[in-house]
Amino acid sequence: MGNGTGIGRVRGLGSARHGAHHWLAQRYTAVGNLLLVLWLIFSLLTMPGLDYESVVGWIANPLVAVPMMLMIVSIFWHLRLGMQVMLEDYVHDKGLAFLSMLLLNFYAIGGAAAGIFAIAKIAFMGAVE
Amino acid sequence: MARTSSRPLSPHLTIWKWGPHMLISILHRITGNGLALVGAMGLVWWLMAAAMGPEAYATFVACATHPLGYVVMIGLTWSFFQHLFSGLRHFVLDMGAGYELNTNRMWSIAATVAAVLVTGFVWLFIFAENF
Ligand code: HEM
């Protein structure tokens, strides 16, 4: 482990002084997930139908599209932070640890971009004939 | 990590008697990471299918309403509520409360039971509405 020396920090060992921010952001996004995913579940349960037309019509409403985009950001940010902690616990090899963080970042940012793009396309262009 | 392999490690994971607090702790990790992979990919798939058009959406619906699709969706519902309740427990512990042995035990059991109950209610509602 790093002993707090300059070279230790350069090698990514020891404190990067990001711990408290990481921990807090995990909690902020947890509250975001709590509210927004409960809202999604409740909406899906009370919608008249989950067929293509109903779902696209529903998402196209700005009061749905915006919370849905926020939900995507909150979920992917939270899972980006959470999976990092899990990987740090189990992946000990330096090279694999680097690779796993690389893939996690691709997954989190790519997944969030795909989700937001899909919502935006539905909101701006409506149903596909 | 530097360690002399001839010296024993503390057998920290094997010597404890299992209790509800250990169960809820590992379930928080399993459900969180399950939601992060299966749940998040399923959500993006649903949105992408809706954005691509009726055919892609029909493919999604066919998979989701396959018996295995229901198993996955019920599993995700339970994972979400399990993670939600153990997450709320984290908030309480973060404030420095709830560490007394009996209180800890009681809330660990309560959160685990609540997750199963809410999952049951949600799916009973869905099946009652649709079948
Ligand atoms: C629905 C989307 C959600 C996903 C995909 C998700 C995913 C995750 C993941 C992967 C972790 C890391 C677990 C580990 O390996 O240690 C985590 C941690 C955490 N989650 Fe969630 N979560 C979600 C919702 C929630 C909700 C609704 C809450 C709050 C009630 C919550 C509260 C927490 C907390 C407090 C932690 C940190 C635990 C710790 O510090 O050890 N999460 N989440």
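Positions of Cβ are set from backbone N, Cα and C atoms, glycine also.
Every protein chain shown contributes to the tally, and the Cβ of B:H83 (heme binding site) ends up with 29 other Cβ atoms within 10 Å. TrEMBL lists B:H83 with the feature heme binding site.
For B:26-48 (among others), the entry in TrEMBL reads transmembrane segment.
Annotated transmembrane segment per TrEMBL: B:68-85 (among others), in sequence order.
Long-range contacts of the transmembrane segment (B:106-128) within its own chain (CB-CB distance under 8 A, at least 6 residues past either end) are made by residues 19-21, 23-24, 27, 74, 77-78, 81-82, 84-86, 88-89, 92, 98. Positions annotated as transmembrane segment by TrEMBL: B:106-128 (among others).
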